[in-house]
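Read through the structure below, which is laid out as structure tokens, and then see the notes.
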Amino acid sequence: MRGVFIVIVTCLVFLPDPLRAGVASIGSITPGFGGSQMNYINNDGIFLESNNSAFGFGFVTTQDSVTLFTLSIIHKSSTKLIWSANRASPVSNSDKFVFDDNGNVVMEGTEVWRLDNSGKNASRIELRDSGNLVVVSVDGTSIWESFDHPTDTLITNQAFKEGMKLTSSPSSSNMTYALEIKSGDMVLSVNSLTPQVYWSMANARERIINKDGGVVTSSSLLGNSWRFFDQKQVLLWQFVFSDNKDDNTTWIAVLGNNGVISFSNLGSGASAADSSTKIPSDLCGTPEPCGPYYVCSGSKVCGCVSGLSRARSDCKTGITSPCKKTKDNATLPLQLVSAGDGVDYFALGYAPPFSKKTDLDSCKEFCHNNCSCLGLFFQNSSGNCFLFDYIGSFKTSGNGGSGFVSYIKIASTGSGGGDNGEDDGKHFPYVVIIVVVTVFIIAVLIFVAFRIHKRKKMILEAPQESSEEDNFLENLSGMPIRFAYKDLQSATNNFSVKLGQGGFGSVYEGTLPDGSRLAVKKLEGIGQGKKEFRAEVSIIGSIHHLHLVRLRGFCAEGAHRLLAYEFLSKGSLERWIFRKKDGDVLLDWDTRFNIALGTAKGLAYLHEDCDARIVHCDIKPENILLDDNFNAKVSDFGLAKLMTREQSHVFTTMRGTRGYLAPEWITNYAISEKSDVYSYGMVLLELIGGRKNYDPSETSEKCHFPSFAFKKMEEGKLMDIVDGKMKNVDVTDERVQRAMKTALWCIQEDMQTRPSMSKVVQMLEGVFPVVQPPSSSTMGSRLYSSFFKSISEDGGATTSSGPSDCNSENYLSAVRLSGPR
């Protein structure tokens with residue numbers, strides 16, 4: 001397919017071409033190029049070199065096997081790896097790399113590398129003297145750059161920006177580490193069940209402050225220092241990692257699988273020289289310098305934490321699946337033991353407390369009642385309680401002590417892993433006594449059991465269903481807090497304050513003992529409600545983002561299914577843009593724009609930054625919540641669809657809300673993350689216009705808002721669609737024009753024409769130019785009119801009370817796109 005850059009893995013045998021063996025292209029390759037590692041075996045697999053011959057791109061052997069290869073960029077003289085395309089999916093020496101005549105880059109077989117090039121054809125691939133691999137379009141612009149997609153290495157002059165992530169290869173304990181810029185700081189975290197931060201540049205003693213204030217949004221290795229800039233490229237901080245002040249040297253920073261960042265000077269034609277500076281500088285400052293539950297002290301001297309060594313000789317907790325239950329649905333016997341005195345934990349300086357101003361007994365109870373909690377830390381001075389679902393290495397706290405009391409959860413000695421043989425032995429004497437005492441009692445018991453079985457069959461089947469769900473929840477990574485039903489019942493005052501009601505249940509206001517407020521969704525019924533519960537816990541429970549609503553916890557107890565979210569005082573966007581009376585608060589343009597931008601960032605994170613691509617499938621104003629400062633947070637993931645990174649489209653049953661669904665839902669085409677883009681475009685239009693996308697009370701010209709917006713665009717009068725009730729809207733404000741054009745790009749009928757959500761963010765921020773979109777005023781009415789008529793006959797559409805022209809075929813497409821939910 002034209003316009004898509006794809007690298008694919010295969011087992012297709014390719015015979016080497018002796019005429020081309022060992023000859024690497026210099027500077028760039030053009031369409032028609034092809035070859036395997038065997039073709040370039042005399043050049044160590046390198047088939048493309050930079051003009052200065054410092055860097056090479058080609059097939060590089062992996063550390064684990066000399067017969068498997070990654071498509072990588074290397075610094076030739078030092079053989080240091082700079083970037084890899086397929087680190088997780090190496091290829092064989094016969095797999096053929098092809099840059100075909102259409103400008104696509106392929107290796108026929110299983111897809112491992114994909115690039116959406118926004119409809120531009122590639123004319124060449126360049127390996128630049130900086131080590132940057134660039135796909136160049138026919139008009140000479142860059143389509144894609146390796147510098148924008150780092151793996152575990154950064155190199156001099158490479159911009160590392162907010163939204164990018166450096167990820168280590170897995171460690172021996174299967175842990176990975178990540179470096180990213182978040183909330184104005186650069187942080188290192190371990191990707192355990194719930195990521196735990198263990199280092200930040202803002203707290204680094206070596207940091208040099210060049211300018212107070214400002215928010216870090218990017219960084220680069222320049223000279224002998226790591227430099228940090230704000231959005232206007234003003235230098236805020238520096239981190240000097242070498243005494244070598246030669247600005248002509250090339251440095252790399254590598255995030256190793258031990259969680260440590262090291263620096264190497266690639267020199268000029270010489271072998272690499274490593275700097276003694278490391279991040280973190282403390283030998284005991286990483287999550288696992290010694291292994292879980294060991295204490296690291298001094299020069300990385302390791303010993304089992306004293307409390308655990310007294311309880312178990314092997315320094316292991318005996319817990320493999322903390323939330324697993326025994327065959328008779330009982331919880332495995334566990335206990336909390338003191339970790340001992342004088343120990344500290346790496347995440348305490350960065351993690352938020354689970355509960356504030358509490359006491360030690362309550363903190364223990366919180367951990368005991370939460371099956372995913374493996375350890376707790378309690379600070380006497382503040383009353384803060386910290387719970388962790390992963391415990392790495394401890395470290396000695398020094399003479400002053402850490403100020404924390406710590407406890408570890410371990411399996412009780414002699415629990416036997418939940419074997420039911422002991423229980424059977426206990427029950428057998430009672431059965432014998434009953435049989436001996438009276439046959440009559442046995443007959444009565446049999447009769448009662450039979451009656452219960454007949455009358456309450458669903459109740460008797462509930463444990464099996466509950467066990468199935470427990471297994472599902474147990475196998476989730478990053479599972480949030482599991483509440484008991486009575487705790488949420490108490491927090492909501494027996495569900496007395498109702499905030500709203502949706503398709504799967506009602507939402508109630510609640511307050512935890514520490515004073516933090518919750519919004520508790522109580523799912524009702526079975527079927528879709530059960531699916532929504534699993535989808536919500538599995539998807540949002542493991543991800544965290546400023547613009548995604550946080551799932552504080554859940555309850556799966558008997559027939560009860562509840563979801564506990566952070567409480568957002570301003571409610572949903574719907575109540576703020578669709579004003580029911582003149583006295584309602586009117587949002588100004590700055591607030592509306594920030595809501596639009598925040599929502600776009602949240603969706604971009606779901607689509608591009610999670611382990612699996614997440615398609616929300618139900619973006620609408622009711623599912624965008626607002627906090628005290630009107631920051632937008634995307635909510636309600638009950639209809640979301642997971643897609644692997646290899647999938648570009650997926651078929652699924654229709655889901656969502658009428659008026660916001662993309663055309664592909666109606667035409668039974670495969671959907672993708674671009675379907676969310678369409679829904680977002682509809683919401684953005686409503687946010688700009690302060691009205692619903694279909695309003696039969698309007699004139700025939702205005703009743704279908706998207707068609708009206710396209711018409712005004714063609715007339716050059718886009719300002720006519722802005723909410724007329726907003727006062728003092730600056731017509732010269734570029735954000736207004738960008739937002740309106742971006743909305744019309746998002747609701748294009750052809751999904752390939754719609755931008756990605758990350759591109760939408762760039763368009764709104766002014767980073768990417770927003771040209772006038774193609775006209776699509778009829779909105780595909782020829783495709784959807786028959787669908788609309790069919791749902792109208794079934795009672796799925798509401799008859800308009802407005803002008804008759806509003807019900808004409810020209811307006812059918814987006815009026816009731818999705819049909820009944």
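Cβ coordinates come from backbone N, Cα and C, glycine included.
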Answer for the disulfide partner of CYS367 (Swiss-Prot, candidates CYS363, CYS371, CYS373) is CYS373
Of the residues CYS323, CYS385, which one does Swiss-Prot pair with CYS363 through a disulfide? CYS385
Regarding the disulphide bond with CYS284, report which of CYS296, CYS302 Swiss-Prot records as its partner. CYS296
For the binding-site residues listed here (LEU499, VAL507), which one has the lowest count of neighbouring CB atoms within 10 Å of its own CB? LEU499
Using only C-alpha positions, which one of ASN121, ASN174, ASN370 is spatially nearest GLY505 (ATP binding site)? These are the glycosylation sites in the record. ASN370
Among the glycosylation sites ASN51, ASN174, ASN248, ASN370, ASN380, point out the residue whose Cβ has the most other Cβ atoms within 10 Å, with all shown protein chains included in the count. ASN370
Three-class DSSP assignment, GLN501 (ATP binding site), comes back as strand
Fill in the CA-CA distance, ASN370 (N-linked glycosylation site) to LEU499 (ATP binding site), as an integer in Å. 27
LEU499 (ATP binding site) to ASN121 (N-linked glycosylation site), Cα to Cα, whole Å, comes out at 51
Integer Å distance between the CA atoms belonging to ASN248 (N-linked glycosylation site) and ASN51 (N-linked glycosylation site): 17
Taking all protein chains shown into account, the Cβ-based neighbour count within 10 Å for GLN501 (ATP binding site) is 12
